[in-house]
Amino acid sequence: MPSYTVTVATGSQWFAGTDDYIYLSLVGSAGCSEKHLLDKPFYNDFERGAVDSYDVTVDEELGDIQLVKIEKRKYWLHDDWYLKYITLKTPCGDYIEFPCYRWITGEGEIVLRDGRAKLACDDQIHILKQHRRKELETRQKQYRWMEWNPGFPLSIDAKYHKDLPRDIQFDSEKGVDFVLNYSKAMENLFINRFMHMFQSSWSDFADFEKIFVKISNTISERVMKHWQEDLMFGYQFLNGCNPVMIQRCTKLPEKFPVTTEMVECSLERNLTLEQEIEQGNIFIVDFELLDGIDANKTDPCTLQFLAAPICLLYKNLANKIVPIAIQLNQVPGDENPIFLPSDAKYDWLLAKIWVRSSDFHVHQTITHLLRTHLVSEVFGIAMYRQLPAVHPIFKLLVAHVRFTIAINTKAREQLICEYGLFDKANATGGGGHVQMVQRAMQDLTYTSLCFPEAIKARGMDSTEDIPYYFYRDDGLLVWEAINTFTAEVVGIYYKSDQVVAEDQELQDFVKDVYVYGMRGKKTSGFPKSIKTREKLSEYLTVVIFTASAQHAAVNFGQLFLGMYPEEHFIEKPVKEAMARFRKNLAAIVSVIAERNKNKKLPYYYLSPDRIPNSVAI
């Protein structure tokens, strides 16, 4: 009778093992086996991190193995089990891999296909087509869209983290890590001890030092020492945590009536302001988004305020960017003066503080929350709803949406909800942050997520004219490496543009993102469908770059880009493409490390060895 060797790998995360009964049956082209209990005498099977092997003998020839069914039945109490993969050694000596990387909960069953990625057009056998269809039908019941707030991208239909499908919840250790990191951040910022400072006026700059006394690294220490200086203020717009606001000024807006006479003491080339603009030496940052946003009123005893400033910056003869004029609100007038470096020391410093405060609000709510977390959640939900696990695009993207839905659900539960941390500590709390996202959705376009296009749109693409914009330089290197990799993977599975256009599952994925993520808005520029391999590569690059590199640049990260510990792909060509991807990323690491040598203020946030795969890792 034919005999198979079955190897079962259990996950290494907390509580991944199980004491439940595990049954296996094999489905082949010539028949289906009986259920076999996988159990070795006097042995504790399926322990956390274990790789166990079993001999399974069947009554008759099964033909080519198409599916493996794994069934879990209760032994004592309900005991979830995390199955990494199964490998099968056939009677002929061939090995077949069945990736899983999923939880089996309760008395559940999982049906696995072998690890070869397949498009729907590749499946000609009825049972495989049926498996593909049933998987998506089940997922679409589990992963439902929900409107958390009007005007937001739709999110997962789950009020609490515990309501999420088990496969996308934090692992127990990741959940604990989230809580510990949250507590540690509060401790580092002395939030609990100094919470009264957020609900009252601060009277001394020394209060900042009391809060940040525990933070210690090269960059934060240097910023703390030089934060009042114009050079540091300008540098942060290029390479700080929100390097996406600054743009080249091609024409001074009428609402910001700065004249040559006002700023001539800051201009070093003996040119008029208009001439400096023509030569490309003037830059602008406009926080118009904040105009009219309601300030936090959750504490009736405390008045909080928001500004919507405009800041003009100048590239001096040393090619450094420095501020030369600040207007704190959008409408010019006697009540809204333009502040200058020539003003009294603390007038100018306070104007810069208001700009930095506005930058913080836009960074946290728009650059970070909306444009990395919420966008990545949209890609993740659409992926789970429309792409089966056997699809090559699912295999490519799954690592880049890992825990994204979980961390966003936690945020809606604890941080940005009513009475959450935003309400306690931010001037945009109490609803202002919601208004900001609703307003910023008007500018959330597909093109703005394409890194090279976004840089060019702000006029910040010239490395010769703007030599110290490391966010741009490193980002372009990483974008190109990701795009090269996605193009390779696309080329392996899609032999022509026609195959792309006819892949209905892919088109449904793209349509889900457009209809639910972008709320079906034509002005978003998000594609409703994708017809070519080149456009597909670009789209996948947007997904991966947004979740990994862009998030790292505006959040500063900790699995890193190019590392895929869950082996969803088994094909040699893809593994070779991954190896080339890692090699390209390693070269970028070397370039960045060499540039950072001896720099007093190194920029390493987009070094691939510091870019997590997803927004939640």
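Placed from the backbone N, Cα and C atoms, the Cβ positions cover glycine too.
Remember, TrEMBL labels are computer predictions, not curated facts.
Keep in mind that this is a model prediction, so the values were computed, not measured.
Quick look at what TrEMBL lists:
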BINDING   G17, D79, D80  Ca(2+) 1 binding site
BINDING   D39  Ca(2+) 2 binding site
BINDING   H368, H373, H551, I617  Fe cation binding site
DOMAIN    2-118  domain 'PLAT'
DOMAIN    118-564  domain 'Lipoxygenase'
DOMAIN    565-617  domain 'Lipoxygenase'
SITE      W103  site 'Essential for stabilizing binding to COTL1'
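Cα separation, H373 (Fe cation binding site) to W103 (site 'Essential for stabilizing binding to COTL1'), rounded: 24 Å. Each residue in F15, A16, T18, D19, D20, F46, W81, Y82 lies on the same chain as G17, D79, D80 and has a C-beta within 8 Å of the C-beta centroid of that Ca(2+) 1 site, without being one of the site residues.
Residue counts for the domain 'PLAT' (2-118) under DSSP (helix as H, G, I; strand as E, B; rest coil) come to 0 helix, 60 strand, 57 coil.
Across the structure, D79 (Ca(2+) 1 binding site) and W103 (site 'Essential for stabilizing binding to COTL1') are spaced 10 Å apart at their Cα atoms.
In the structure shown, across all protein chains, H551 is the one of the binding-site residues H368, H373, H551 with the greatest number of other Cβ atoms within 10 Å. Between the alpha carbons (Cα) of H368 (Fe cation binding site) and W103 (site 'Essential for stabilizing binding to COTL1') lies a span of roughly 30 Å. The 10 Å shell around the Cβ of G17 (Ca(2+) 1 binding site) contains 21 further Cβ atoms across the protein chains shown. The binding-site residues examined here are D39, D80; by Cβ neighbour count within 10 Å, the least packed of them is D39. Between the C-alpha atoms of H551 (Fe cation binding site) and D39 (Ca(2+) 2 binding site), the distance comes to 45 Å. Nearest neighbour of the residue listed as 'Ca(2+) 2 binding site' by Cα distance, taken over the recorded positions G17, D80, W103: G17.
Recorded residues W103 (site 'Essential for stabilizing binding to COTL1') and D80 (Ca(2+) 1 binding site) have their alpha carbons 7 Å apart, per Cα-Cα distance. Counting every protein chain shown, the number of other Cβ atoms lying within 10 Å of the Cβ of D79 (Ca(2+) 1 binding site) is 17.
Confidence in the domain 'PLAT' (2-118), given as mean pLDDT, stands at 91.
When Cβ atoms from all protein chains are considered, those within 10 Å of W103 (site 'Essential for stabilizing binding to COTL1') total 21, not counting its own.
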